[in-house]
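The annotation AMP binding site is assigned in Swiss-Prot to Asp43, Tyr76, Arg310, Arg311, Phe312, Lys313, Ser314, Ser315, Lys316, Phe317, Gly318, Cys319. The feature phosphotyrosine is assigned by Swiss-Prot to Tyr204, Tyr227, Tyr473, with similarity to another entry given as support. What Swiss-Prot lists as N6-(pyridoxal phosphate)lysine is Lys681, and the listing cites similarity to another entry. The site 'Involved in the association of subunits' annotation in Swiss-Prot covers Cys109, Cys143 and rests on similarity to another entry. Marked as site 'May be involved in allosteric control' by Swiss-Prot on the basis of similarity to another entry: Tyr156.
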Amino acid sequence: MSRPLTDQEKRKQISVRGLAGVENVTELKKNFNRHLHFTLVKDRNVATPRDYYFALAYTVRDHLVGRWIRTQQHYYEKDPKRIYYLSLEFYIGRTLQNTMVNLALENACDEATYQLGLDMEELEEIEEDAGLGNGGLGRLAACFLDSMATLGLAAYGYGIRYEFGIFNQKISGGWQMEEADDWLRYGNPWEKARPEFTLPVHFYGRVEHTSQGAKWVDTQVVLAMPYDTPVPGYRNNVVNTMRLWSAKAPNDFNLKDFNVGGYIQAVLDRNLAENISRVLYPNDNFFEGKELRLKQEYFVVAATLQDIIRRFKSSKFGCLDPVRTNFDAFPDKVAIQLNDTHPSLAIPELMRILVDQERLEWEKAWEVTVKTCAYTNHTVLPEALERWPVHLIETLLPRHLQIIYEINQRFLNRVAAAFPGDVDRLRRMSLVEEGAVKRINMAHLCIAGSHAVNGVARIHSEILKKTIFKDFYELEPHKFQNKTNGITPRRWLVMCNPGLAEVIAERIGEEYIADLDQLRKLLSYVDDESFIRDVAKVKQENKLKFSAYLEKEYKVHINPNSLFDIQVKRIHEYKRQLLNCLHVITLYNRIKKEPNKFFVPRTVMIGGKAAPGYHMAKMIIRLITAIGDVVNHDPVVGDRLRVIFLENYRVSLAEKVIPAADLSEQISTAGTEASGTGNMKFMLNGALTIGTMDGANVEMAEEAGEENFFIFGMRVEDVERLDQKGYNAQEYYDRIPELRHIIDQLSSGFFSPKQPDLFKDIVNMLMHHDRFKVFADYEEYVKCQERVSALYKNPREWTRMVIRNIATSGKFSSDRTIAQYAREIWGVEPTRQRMPAPDEKI
């Protein structure tokens with residue numbers, strides 16, 4: 001007789017291996033049915049379209065979880081160096097279609113839903129965007145997660161699970177109105193709450209100095225509960241984790257100092273603690289020094305570092321003890337990437353843990369911290385740099401302020417030794433800024449506490465070394481690197497533009513999807529008539545589809561044969577939507593002046609959100625809508641010119657508009673846009689670019705050849721010269737008749753007859769304090785736009801230029817960006833090796 005199984009042997013039956021999902025249509029239908037009835041508890045008589053979306057989402061999720069568990073088991077067994085990407089924003093968008101693409105499930109799901117009498121595209125439209133970001137910085141983090149999984153890195157994204165993401169934008173009477181984005185209202189099928197990993201985060205209190213060292217006591221505690229979202233790589237069976245923290249009040253919150261009748265109030269006050277993860281701050285490239293925002297920044301850092309250290313200590317490898325207690329190996333096992341200065345408190349927090357709790361000597365703790373952390377800078381705009389008032393940090397994080405002071409003292413000692421007698425340099429480089437309000441410069445903290453500092457495009461990284469971080473570069477030149485941004489070709493080509501992905505695959509195969517440099521092979525098809533025809537046909541289909549979408553959603557009719565001229569990005573003075581407006585009015589005035597002349601028809605679309613407190617950005621939106629009201633209702637113009645403001649621009653709208661674009665507007669003042677990533681998405685999707693030599697535009701023009709790019713305007717050096725000379729808008733107003741006419745129209749109320757002075761703030765800014773020199777580039781911009789129209793009249797030549805752009809966009813894959821971070825900052829090697837599938841033996 002066989003002996004009875006031990007408990008451990010019995011438990012071996014609990015394995016993911018026996019549960020591997022079969023990825024065929026019959027099984028998918030069966031699972032869809034099971035989830036509709038058993039998970040959602042609905043039958044077909046009462047199921048809504050949203051129920052069908054959820055059933056499909058859960059069905060697809062089933063194919064993720066086996067791989068997810070397997071991947072995490074693999075990391076535990078092999079103990080690779082872990083990469084921790086810390087960001088206050090992850091602008092994910094929708095997850096369903098991206099998951100199907102990366103798991104190669106799309107065709108089977110399409111067929112299964114079709115057989116069930118459902119339309120998969122309609123179901124995909126039901127999903128809410130996860131709008132946990134403002135713009136480029138948050139979307140970059142999402143693209144990076146996709147690439148890290150695709151390159152087999154043991155990577156984790158850490159951030160905040162905001163209950164309300166970026167606001168929904170409604171246009172009412174031409175003005176932006178904000179509505180709360182209640183994206184979790186119906187639940188989120190992609191996240192898994194992990195209450196068992198809840199961690200305490202401390203605020204306020206005071207510091208006690210004991211014989212054992214400093215102790216942070218009498219603190220208020222807020223709990224951080226993690227929610228995990230799977231991040232699948234492209235067809236390699238790797239599924240990484242994005243862990244977002246949600247704030248919860250502890251059970252004894254406000255009850256310790258219980259007073260009679262205070263119980264109900266204490267329970268109601270739990271909201272105050274939980275407000276930490278309530279809402280994303282809607283500022284892009286602007287610092288707002290609010291206490292709640294500082295709490296958010298520390299909250300994500302404190303919870304994440306506890307998690308990182310727990311995982312480091314409980315690893316299978318590295319020492320004979322059941323847990324690691326020695327931190328010498330920490331930088332060999334952990335890399336922390338700071339996405340801008342928002343998570344910069346990771347540096348003093350890691351020091352606090354190592355010195356106060358793990359009892360390391362300061363020098364050793366500092367060595368570990370610097371080797372572990374790296375910092376990415378995203379902007380040179382002074383108003384965007386984080387400078388926290390000392391009094392705020394002192395109240396909220398008293399121990400961290402002491403640590404920052406100590407870091408500063410030791411850092412300035414090094415500076416003084418390297419540059420004896422240079423007192424002004426000490427002032428410039430200090431982490432502490434003296435003034436009416438004493439502040440901590442978080443960028444300086446990040447540079448001092450990191451082993452690598454990078455900009456996000458070549459020109460931006462050079463500007464950092466020559467200007468805002470010049471002193472730091474002179475002290476430690478080895479720290480400074482460039483990592484030009486990229487985008488994931490899975491979402492931004494295969495998923496959003498399947499027609500184009502298909503005609504490319506027909507010529508060069510599918511390998512380019514995980515190796516975008518292969519697009520170069522398309523250069524041999526620049527004169528291939530059938531390829532030219534196919535590319536043009538896909539673009540026309542995308543334009544028709546987007547026209548139908550605009551008609552259905554916004555009741556606006558546009559001419560699909562017109563040139564689609566598109567500028568979509570956050571509304572900000574430096575991005576110069578106003579320059580675009582001046583060109584539109586120029587075109588309008590020219591049509592009115594010579595109504596019988598032939599004009600290349602254009603549909604100009606501008607979209608983007610303005611920060612709720614940014615008056616000028618909101619006025620810019622009002623101007624765009626006012627221009628549209630005049631232009632679109634003028635019978636003389638007809639369909640030769642249309643101006644559309646795209647309401648509520650977000651990831652899911654970008655996926656529709658970018659594949660339909662003919663012309664991409666990337667027109668920031670040279671030296672202001674760190675990189676840009678929208679520019680790359682347009683290039684990959686077959687639009688031509690009109691742009692300044694700024695950010696990644698410089699490298700895009702270099703890759704494609706300047707002759708395949710519409711470049712105009714001042715270079716960085718020209719802007720500097722103009723600054724030295726003094727920019728005088730009046731000179732341009734006096735010299736350029738068309739420009740003068742436009743400004744006079746704006747001043748006289750031509751575009752706002754009911755409120756003639758509506759745009760006086762815009763005119764006043766443009767004429768008297770325009771930091772971004774719109775007039776200086778006006779003439780060249782208009783001339784460059786004339787070249788665009790001339791080329792558009794020759795469809796074959798236009799499409800050949802499009803093909804050259806697509807073929808040279810390979811550099812701008814986030815896979816390339818992440819491979820460079822991996823090798824040059826994190827010290828790990830990317831791989832395209834497949835992980836075994838859940839049903840395969842390891």
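For all residues, glycine too, the Cβ spot is worked out from N, Cα and C.
Computed from a predicted structure; not experimentally measured.
The DSSP secondary structure for Cys109 (site 'Involved in the association of subunits') is helix. The 10 Å shell around the Cβ of Cys109 (site 'Involved in the association of subunits') contains 25 further Cβ atoms across the protein chains shown.
Under the DSSP three-state reduction, Arg310 (AMP binding site) is assigned to helix. Secondary structure at Cys143 (site 'Involved in the association of subunits'), as computed by DSSP, is helix. Closest to Cys109 (site 'Involved in the association of subunits') by Cα-Cα distance, out of the binding-site residues Asp43, Arg310, Phe312, Ser314, Lys316, is Asp43. On its own chain, Tyr227 (phosphotyrosine) has Arg161, Glu191, Lys192, Ala193, Arg194, Arg243, Leu244, Trp245, Ser246 as residues at least 6 apart in sequence with a Cβ closer than 8 Å to its own Cβ. Here the recorded positions are Tyr156, Phe312, and the one ringed by the most other CB atoms within 10 angstroms is Tyr156. Remark: the residue listed as 'N6-(pyridoxal phosphate)lysine' has Ile487, Trp492, Ala654, Ile658 as non-local neighbours, by Cβ distance under 8 Å and separation of at least 6 in sequence. Nearest Cα neighbour of Tyr204 (phosphotyrosine) among the listed binding-site residues (Asp43, Arg310, Ser314, Lys316): Arg310. Taking only the Cα positions, the spacing between Phe312 (AMP binding site) and Cys143 (site 'Involved in the association of subunits') is 26 angstrom. According to DSSP, Tyr227 (phosphotyrosine) sits within a strand segment. Long-range Cβ neighbours of Lys316 (AMP binding site) (same chain, at least 6 residues apart, Cβ-Cβ under 8 Å): Tyr76, Glu77, Asp79. Ranked by CA distance from Tyr156 (site 'May be involved in allosteric control'), the recorded positions Asp43, Ser314, Tyr473 have Ser314 at the top as the closest. Spatially, by CA atoms, the binding-site residues Asp43, Arg310, Ser314 include one closest to Cys143 (site 'Involved in the association of subunits'), and that is Arg310. The distance from the Cα of Tyr473 (phosphotyrosine) to the Cα of Asp43 (AMP binding site) comes to 65 Å.
Taking all protein chains in view, 13 other C-beta atoms sit within 10 angstroms of the C-beta of Arg310 (AMP binding site).
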